[in-house]
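Below is one structure, written out as structure tokens; the observations come after it.
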Amino acid sequence: MNDSILLGLIGQGLDLSRTPAMHEAEGLAQGRATVYRRIDTLGSRASGQDLKTLLDAALYLGFNGLNITHPYKQAVLPLLDEVSEQATQLGAVNTVVIDANGHTTGHNTDVSGFGRGMEEGLPNAKLDSVVQVGAGGVGNAVAYALVTHGVQKLQVADLDTSRAQALADVINNAVGREAVVGVDARGIEDVIAAADGVVNATPMGMPAHPGTAFDVSCLTKDHWVGDVVYMPIETELLKAARALGCETLDGTRMAIHQAVDAFRLFTGLEPDVSRMRETFLSL
């Protein structure tokens, strides 16, 4: 067996993350013993440690890479030696590659993960006008992926309209055109009704946040509907959309493809997407 791989995930509330299992199983399948540690600043021996201390520890201990999640995706940028152009434009990093010399490079595979998920799950979706509900969390990455995968007009709706507009400004600046506008999520149903598709980028649909982010009665069979939530895989939104005959994109595709792209960056190996999906769905 070749050299082992040591990876980690820095964030808060990591117990349910499926990312470690995907990386460990894929590494082993490719003949590389892989250890992937959860580094939870709320619920582990890393509790209370600042981000720089944890990043330095990973360098000293010979980690090959780190995934970064809430609440550190923005805070990690100034601590890195290099950041990809895309991650710099978004102001968020979720993947840090550490080379043999300890040089750190930040990437954002949330963007590529959602984009690849769209290519795979909604290859023929109409993209003239799309609504994204939710500007927090992975909202920036989802919006960037939508616009760079063909969406002509994207309306990002949030209860905090200033946050929605701030996201729009970031994406418009990154892509060099006025593709995104921030709008109020209150009464968004009329806007959704006139759109080609809608993506839920809020936590609504998770066990801790049951329900939907908008009234699904505005949907018709002509809409396509996406969701970033993957626990459960069939959210209330997707269940309602499928009952209408809508094309749908569940949250597993983004979750799997962001890990696929991160594994490639960490190891230089070509991951087996089907195998990583099988691991994800078995958990």
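Yeah, the Cβs are placed from backbone N, Cα and C, and that goes for glycine too.
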Listed co-binder of L-quinate (same site as Ser17, Arg18, Thr19, Thr69, Lys73, Asp110, Gln258, source Swiss-Prot) among Asn94, Asn101, Asn124: Asn94
Site-mate of Gly137, Val138, Asp158, Arg163, Pro203, Met204, Gly205, Met206, Ala213, Gly251 for NAD(+) in Swiss-Prot, selected among Val180, Val191, Val225, Val228: Val228
Surrounding CB atoms that lie within 10 Å of the CB of Gly251 (NAD(+) binding site), all protein chains: 24
Around the Cβ of Thr69 (shikimate binding site), the count of other Cβ atoms that are within 10 Å: 19
Euclidean distance between Cα atoms of Asp158 (NAD(+) binding site) and Asn94 (shikimate binding site), Å: 23
Rounded inter-Cα distance in Å - Arg18 (L-quinate binding site), Gly251 (NAD(+) binding site): 13
Asp110 (shikimate binding site) - helix vs strand vs coil (DSSP): helix
When distances run from the Cα of Asp158 (NAD(+) binding site) to each of the binding-site residues Thr19, Thr69, Gln258, the nearest one: Thr69
